[in-house]
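Q: Okay, so TrEMBL annotates it like this:
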REGION    1-269  region 'Amidoligase domain'
DOMAIN    5-269  domain 'CTP synthase N-terminal'
BINDING   Ser15, Asp150, Ile151, Glu152, Lys190, Thr191, Lys192, Pro193, Thr194, Gln195, Lys226  CTP binding site
BINDING   Ser15, Lys190, Thr191, Lys192, Pro193, Thr194, Gln195, Lys226  UTP binding site
BINDING   Ser16, Leu17, Gly18, Lys19, Gly20, Ile21, Asp73, Ala244  ATP binding site
DOMAIN    305-529  domain 'Glutamine amidotransferase'
ACT_SITE  Cys384  active site, nucleophile
ACT_SITE  His510  active site
ACT_SITE  Glu512  active site
Amino acid sequence: MSNTKYVFVTGGVTSSLGKGIIAASLAKLLQQRGFSVTIQKLDPYINIDPGTLNPYEHGECYVTDDGAETDLDLGHYERFLNIPTSQANNVTTGKIYQSVINKERKGEFLGKTVQVIPHITDEIKHRVQILGNTGDYDIVITEIGGTVGDIESLPYVEAVRQLKWELGDDNVIVIHLTLVPYLAAAGELKTKPTQHSVKMLMQSGVSPDILVCRSEHEINDTIKRKLALFCNVKKQDVIQSLDAETIYDVPNLMFKEGLDYVVLDKLNLSTRKQPKLRAWNQFLERHKNPTSTIEIGLVGKYVELHDSYKSITEAFIHAGATNKTKVVVRWIHSEELTPENAASQLAGLNGVLVAPGFGDRGIEGKIAAVQYVRENNIPFLGICLGMQMAVIEYSRNVLGMKDASSTEMDSKTANPVINLMATQKEVTEKGGTMRLGAWDCQIIEDSKVFEAYKTTLISERHRHRYEYNNDYKTQLEEAGMKSTGINPETGLVEIVEIPTHPWFVGVQYHPEYKSTVLNPHPLFVSFIKAGLKHSKIKK
Ligand code: GLN
């Protein structure tokens, strides 16, 4: 039995209140007070993981070192806490049911009727405690996706009720994140939606210990008292969360409101040590006081939903702060980009990032973007599909192989410069079967990437089925596109560069997943630096 304490974060009234940011900010404060903390997300949907989801549904699919395809909130957890998450940090209803049904098929329930209570709720409790039972954490914060009152959330709330009963009120607490809307016509903040959502929680047998109230206006003492009285919490346990200028302000704002203090107090943990936020605040200082501004184009096919590229835009923020530079993103829809309009669409940019993706929609636009930046010496970073498009562009326009393509888009191409990995040939199921997670890459010293990483062996996260076709390697290298990073075991080309270009780097892996506030990703830092140089030369 470990001594781990559990903090649940539930949501009320509406979705999109930022539970992930509140959970990450609280975790940051507790971590900086010296506690070891991790954050877990429970997603009440039936998909096993978001790997099979279109990014338009819930935004980007985030990938961990151990190859889990997860909710984008795990990206926030890592960016705030600077420690890796794993398979155990994201649990879905699909995973819960899958393991219960697998056990049933093996006969493990010994003839019993398998039911939501106790079998599904037991499995939820087990998944929550897996992290605690490692003994690695003083506190596990578990965010429950969705909104209280949703049918699919019910088993989760029941599992929380049981855990609170089993482990006690000083080992399990519930933070309810809710909305206190402002009615302009009445000139008033309204507490009723919060009262209703707390009532809903209470109907399931769970009383929240702390209310975090999202609001566009200051919540005064009278309103706090009213919320406390009708939601059955102490006044000091009503924490206001006003809109912030940046998500990275939220830990400081929550500290000012005393969220970490009330949490520790309720869990009977020491409040003596204050959170050490010096490095965090140094980042904020640089982020908020840039001395230059550059504009980077982000070319992708999901640009209507910026969350589809969350880790990339956050990595720009981290790398921008390192360079004391404000990075403005110009969103460019790959389907609207052509060789004819590339010059006008990309005019004035100091760098272009061609994004990851799947399938053939928008790929010709991505290729047009690569050609333009290559020919016009604009810094380029291609990620995964973006790197593959760079190889295709070079093969077509420099090597003259007009039909060069990837077998993902054109299975019959005579020049498959990108083709299916041998290990993927027998794969029939879509879920969880890509080349996923952390793999090593050996870097050559005479390269832009070595300048960035300052080391020859790196480990980066992956999510792909197709790869650089080594049959074309000699031709491509002789024509000026160098392979500067290679997987030492398989020979898979991980990085391509054009040394005659000011900064042209394509990577098969996803550097964006590993950029954090305290460890901005070296490749993004170098890319922004190249963009800054480009902006100065132009003037
Ligand atoms: N569709 C490409 C592949 O599977 C690239 C994947 C990606 O960009 N994440 O290899």
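Cβ atoms here come from the backbone N, Cα and C positions, even for glycine.
Those TrEMBL annotations? Automatic predictions, nothing curated.
Describe each of these features in terms of where it is and what it packs against.
A: Its Cβ placed at the centre, Gln195 (UTP binding site) has 17 other Cβ atoms within 10 Å.
Secondary structure at Lys19 (ATP binding site), taken from DSSP and collapsed to helix, strand or coil, is helix.
Here the domain 'Glutamine amidotransferase' (305-529) returns a mean pLDDT of 97 for the predicted model.
Taking a C-beta cut-off of under 8 angstroms and a sequence separation of 6 or more, Cys384 (active site, nucleophile) has the following same-chain neighbours: Pro356, Gly357, His462, Arg463, His464, Val507, Gln508, Tyr509, His510. The DSSP secondary structure for Cys384 (active site, nucleophile) is coil.
The Cβ of His510 (active site) has 21 other Cβ atoms within 10 Å, all protein chains considered.
For Glu512 (active site), the same-chain residues lying six or more positions away in sequence with a CB closer than 8 A to its CB are Ser311, Ile312, Glu314, Ala315, Ile383, His521, Phe524.
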Q: Among the recorded positions Gly20, Lys190, Pro193, Ala244, His510, name every one whose Cβ is found under 6 angstroms from ligand 1, counting any of its atoms.
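A: Cβ < 6 Å from ligand 1: none of the recorded positions.
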Q: As a test of the contact definition, list every same-chain residue at least 6 positions from Lys190 (CTP binding site) whose Cβ is closer than 8 Å to its Cβ.
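A: In sequence order, the residues whose Cβ lies under 8 Å from that of Lys190 (CTP binding site) (at least 6 apart) are Val180, Pro181, Tyr182, Leu183.
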Q: Sorry to bug you, but what's the C-alpha spacing from Thr194 (CTP binding site) to Gly20 (ATP binding site), rounded to the closest Å?
A: 19
Q: Looking at the binding-site residues Lys19, Lys192, Lys226, which one has the fewest other Cβ atoms within 10 Å of its own Cβ?
A: Lys192
Q: For Lys19 (ATP binding site), identify the closest of the binding-site residues Ile151, Thr191, Thr194, Lys226, judging by Cα separation.
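A: In terms of Cα distance, Lys19 (ATP binding site) lies closest to Thr194.
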